[in-house]
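Record features, source TrEMBL:
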SIGNAL    1-21  signal peptide
DOMAIN    46-180  domain 'Lipocalin/cytosolic fatty-acid binding'
């Protein structure tokens, strides 16, 4: 009787469609659907930028939006593939510099930032730019996504603001979670005691 049972069991196993045994693929990251800016030139991204606007569901940002400070960014392309980004902003009246390295993540225009600890990696996509007046970047940490608008000057045209807001809405970020930064009071530098170097992570 053992042999017929074994054959029956084998037949049942073979009859089960193999697809049922596979794990479903992980859900697609919203950032994977975002295309990289056409004609993107990393060397042309180098130089000074100003953070104009940000769309994010970050609770800290919502609670402290009245305290937003003018934020300037200096970008360098040290090796043609990664970006080094220095962000200058005030905190309690003091100018701080935050240094970060955007490491290449496969396709040109896609990067990631290392963070402290598990699950702290941030994925970045340069989604739209003309290099000379504006850039729109997406950031994702875990399942949380945000969109930032940078300008070569602290003020950009209404047409560019409209593009930014459309992109934010496309990933579920409405006007009530969209914030605009001051256009004056920028820091140009920080002393050695007010530098946060995240490139050493």
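If you go along the chain as it appears here, the first residue is 1 and each next one adds 1.
Just so it is clear, glycine is given a Cβ too, placed from its N, Cα and C backbone atoms.
Restricting the average to the domain 'Lipocalin/cytosolic fatty-acid binding' (46-180) gives a pLDDT of 94. Secondary structure by DSSP for the domain 'Lipocalin/cytosolic fatty-acid binding' (46-180): 24 helix, 65 strand, 46 coil.
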